Amino acid sequence: MEIFTGPVITVFIWALFSLLSTTSQHSICSEAFTQMKEARNMTHCTKLPTLGAEFGWKYDDDQNDRGGHNNNRSNTTAAQNRIEILFGTRQLSEMGWLAWGVNPSSTPGMVGTRAIIGMRQPNGSWAVDTYNVTGGTKLGCGLLPSTIDVFVEKKEIEYNASNQYYAISATLLLPQPEYNISRLNHVWQVGYRTVGMEPMMHPTALQNVDSAETINLRTGESEGVHGVLNIMGWGIFLPLGAMIVRYFRVHPKQSRWWFRLHVGFQIVGYTIGTIGWIIGIWLGHASRYYTFPKHRTLSIFIFTFASLQMLALRLMPRSKDEYRKFWDLYHHSLGYALLAAIAIDIFLGIGILKPADRSWRFEDKSL
């Protein structure tokens, strides 16, 4: 079809470039964390998706552990990756413990994590040690310091009272191929009660339950694309396609390419959004603890009626056909309804994560 030439190809190229640049860029870390990272000469930094946490690191490939000083694991000459990590978060309340760890399992999660946990002692000081998080921990068994299969040295935890920032730093040797730094499962957590060197149960809010991801330490990219795809597809390209019809068909600037651009933006937005929607459906089925009926229902509504809108590409009558005015009424009304539903659903999705920065919310704090 003729409409799939020229501007439509340009739209596809722009969409691909925008998506790649969006997913590849690191989130900008806070000033306090950046200062701590730079003091340790670390080269990478990113904001983590939950608990207001931030993560910095530096890595070296293929180190060999030949020394006898390793008290965390047996001596070996296997290839290893040496990484220096810094994990921190700002908390307004007094914190009991702070944890970060790696998990050699196929998917990121609490069970199986080799963790570094720092906790406040009764005298107000901080102590840090290594822990092996097992299935028993999830069932309520105590979690006490233990040796792990990862060599850890220079374990430290610090607290900056001026900005209420807590941070753990350490150097790790990750054995290959158990720990692939191009696809490393890491987990982080905070809790508010301790008994000696035993951390007590953390809160069960979604922020705490979902504090895990897979990250590529070489590039800084993480596998958390559901929100990015939905915002790019449903929240950017589809509205832009509607704006082209509204503002570039006649007024304020007439363009002979308006229809092709309109179709191109709608196809790109629908394609990207559908991929994000499928990932979201899968995440919903995979979640064992939480369901979000409003977010899910709206997303199904959006996908269903957006699919119906896409059929308009094939079912659109000619301008002189008798029922063209009814088709226009249906197409425009459903399009505006979809834009409203998309805006609501995107904010519902952001709200599910309960981000630490709530400046996006329009609410009266005096109420």
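Note that Cβ sites are derived from N, Cα and C of the backbone, with glycine treated the same way.
These numbers come from a predicted model, not from an experiment.
Marked as domain 'DOMON' by TrEMBL: 68-191. In the domain 'DOMON' (68-191), the DSSP tally of helix, strand and coil residues is 4 helix, 62 strand, 58 coil.
The domain 'Cytochrome b561' annotation in TrEMBL covers 191-367.
Residues annotated as signal peptide in TrEMBL: 1-25.
The transmembrane segment annotation in TrEMBL covers 224-245 (among others).
The transmembrane segment annotation in TrEMBL covers 257-283 (among others).
Tertiary proximity for the transmembrane segment (295-313) is limited to same-chain residues at least six positions away from its ends with a CB under 8 Å from its CB atoms, namely 234, 238, 263, 266-267, 270, 273-274, 277, 280-281, 284, 327, 331, 334-335, 337-338, 341-342, 344-345, 348-349, 352. Positions annotated as transmembrane segment by TrEMBL: 295-313 (among others).
Below 8 angstroms of C-beta separation, residues 49-50, 206-207, 210, 227, 230-231, 234-235, 238-239, 242, 292, 294-295, 298-299, 301-302, 305-306, 308-309, 360-361 of the same chain, each at least six residues beyond the ends of the transmembrane segment (334-353), sit close to that stretch. What TrEMBL records for 334-353 (among others) is transmembrane segment.
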